[in-house]
Amino acid sequence: MENHLGENHRRCTLQKRNVTRELKKGKHTMYALKRVKKIYIRVHEITQIDNQTYQCLEREQNFCENLARMCERTYTEEKPYRCDMCEKTFIQSSDLISHQRIHNYEKPYKCSKCEKSFWHHLALSGHQRTHAGKKFYTCDICGKNFGQSSDLLVHQRSHTGEKPYLCNECDKCFSRSTNLIRHRRTHTGEKPFKCLECEKAFSGKSDLISHQRTHTGERPYKCNKCEKSYRHRSAFIVHKRVHTGEKPYKCGACEKCFGQKSDLIVHQRVHTGEKPYKCLECMRSFTRSANLIRHQATHTHTFKCLEYEKSFNCSSDFIVHQRIHMEEKPHQWSMCESDFLLGMDFVAQQKMRAQTEELHYKYSVCDKTFHHSSALLQHQTVHIDDEYICNMSEKGLDLSSHASETSRVS
């Protein structure tokens with residue numbers, strides 16, 4: 001073997017150590033043993049020629065030569081294989097090929113038990129452990145178990161706050177590379193996932209799957225407490241907190257807790273004064289996107305009646321107007337079976353009815369009567385003297401004690 005390390009003298013140039021010797025000692029094992037030896041032997045059908053030399057029968061290439069070259073790249077950080085889609089670089093061409101499957105949505109490795117597909121064979125191996133019930137990787141912080149080391153690594157970033165994947169357009173960071181790829185589509189406008197029913201397109205496959213449930217009516221996430229069901233897993237997780245009372249998102253300024261992260265973000269704007277949603281017509285700003293949308297209707301007159309061509313700024317006004325055409329009166333008074341178009345008319349009728357009813361609560365000082373005890377207590381504040389003579393007992397009483405001794409008219 002002429003090119004077998006040049007008589008064992010080819011070395012890792014940066015560290016000045018013989019590669020095969022260090023491989024035997026167990027050093028550099030992170031990359032040499034786990035990465036090179038394990039994968040090359042499995043993928044390239046490596047055979048051992050002697051105690052130090054391995055050769056790939058498929059490609060007729062010397063194993064130690066490649067091992068030395070790859071070891072050097074780990075120290076020099078040389079990554080000659082570049083992805084044309086996202087500019088990410090790799091040490092091995094095989095890593096680039098696996099990575100490109102993410103962009104091409106190619107998942108050639110399919111699980112025989114659940115037909116779930118994966119873009120890398122190692123991801124499939126980790127997934128298959130979930131069927132076997134094996135989870136080898138445990139988080140030191142919270143004790144959660146994972147079937148793949150990559151899943152554990154991503155999970156640990158939730159504790160450390162590490163977000164190594166940076167968007168070069170807006171400097172936003174992500175803990176997963178797949179989230180970065182999806183985020184980039186917001187800049188490019190790319191929506192590669194299309195619904196076959198309505199041809200609506202989406203930037204992420206999960207969004208497409210959730211959308212398709214609007215056509216099928218499928219609600220796979222069911223609550224075992226109240227039997228409510230949801231199309232989206234995220235909505236299901238939020239709902240479960242209604243039963244558990246869990247509020248995992250705490251405000252650092254006032255320690256108020258919230259069940260949803262979005263509610264915490266909106267709340268924090270109370271402390272910061274941030275109003276990120278700006279109207280381009282009048283430059284007015286809002287803390288919530290919903291408030292901006294409602295405000296924008298004042299400029300566009302979004303809600304228009306087709307019968308009279310009348311426009312409304314507010315959806316609630318538009319709904320009330322439509323009831324005129326439909327002769328719909330949703331507010332019903334149970335005592336007289338009268339129907340009302342507007343809620344405020346309903347409230348007014350309740351007040352009128354109350355005026356004709358018997359007055360139950362009488363104040364013995366001035367003989368005024370009231371429908372409710374709360375109204376009687378409020379009336380007592382009109383009398384500014386601290387003490388009155390009760391006309392029933394002729395004793396001096398302060399207002400607080402006198403309130404309890406006023407009689408209810410039968």
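Start at 1 and count along the chain as shown; that gives each residue its number.
Positions of Cβ are set from backbone N, Cα and C atoms, glycine also.
Feature annotation from Swiss-Prot assigns zinc finger to 81-103 (among others). Taking the zinc finger (81-103) as a whole, pLDDT averages 78 in the prediction.
Look at Swiss-Prot and you will find 109-131 (among others) tagged as zinc finger, backed by sequence analysis. Long-range contacts of the zinc finger (109-131) within the same chain: residues 98, 101-102, 147-151, each at least 6 residues beyond the stretch ends and with a Cβ under 8 Å from a Cβ of the stretch.
Feature annotation from Swiss-Prot assigns zinc finger to 137-159 (among others); the stated evidence is sequence analysis. A Cβ distance under 8 Å defines the sequence-distant neighbours of the zinc finger (137-159), meaning residues of its chain 6+ beyond its ends; these are 122-123, 125-127, 129-130, 175-176.
For 165-187 (among others), the entry in Swiss-Prot reads zinc finger, with the evidence type sequence analysis.
Per Swiss-Prot, zinc finger is recorded for 193-215 (among others). Proximity of distant same-chain residues to the zinc finger (193-215), defined by a Cβ-Cβ separation under 8 Å and at least 6 residues beyond the stretch ends, is recorded for 105, 182, 185-186, 231-232.
Below 8 angstroms of C-beta separation, residues 210, 213-214, 259-260 of the same chain, each at least six residues beyond the ends of the zinc finger (221-243), sit close to that stretch. Taken from Swiss-Prot, the feature zinc finger applies to 221-243 (among others).
Within the chain carrying the zinc finger (249-271), a Cβ under 8 angstroms from the stretch's Cβ atoms is held by residues 238, 241-242, 287-288, all 6 or more beyond its ends. Look at Swiss-Prot and you will find 249-271 (among others) tagged as zinc finger, backed by sequence analysis.
Under the heading zinc finger, Swiss-Prot lists 277-299 (among others).
Feature annotation from Swiss-Prot assigns zinc finger to 303-325 (among others).
What Swiss-Prot lists as zinc finger is 361-383 (among others), and the listing cites sequence analysis.
Taken from Swiss-Prot, the feature phosphoserine applies to Ser400.
Summarised by DSSP class, the composition of the zinc finger (109-131) is 11 helix, 4 strand, 8 coil.
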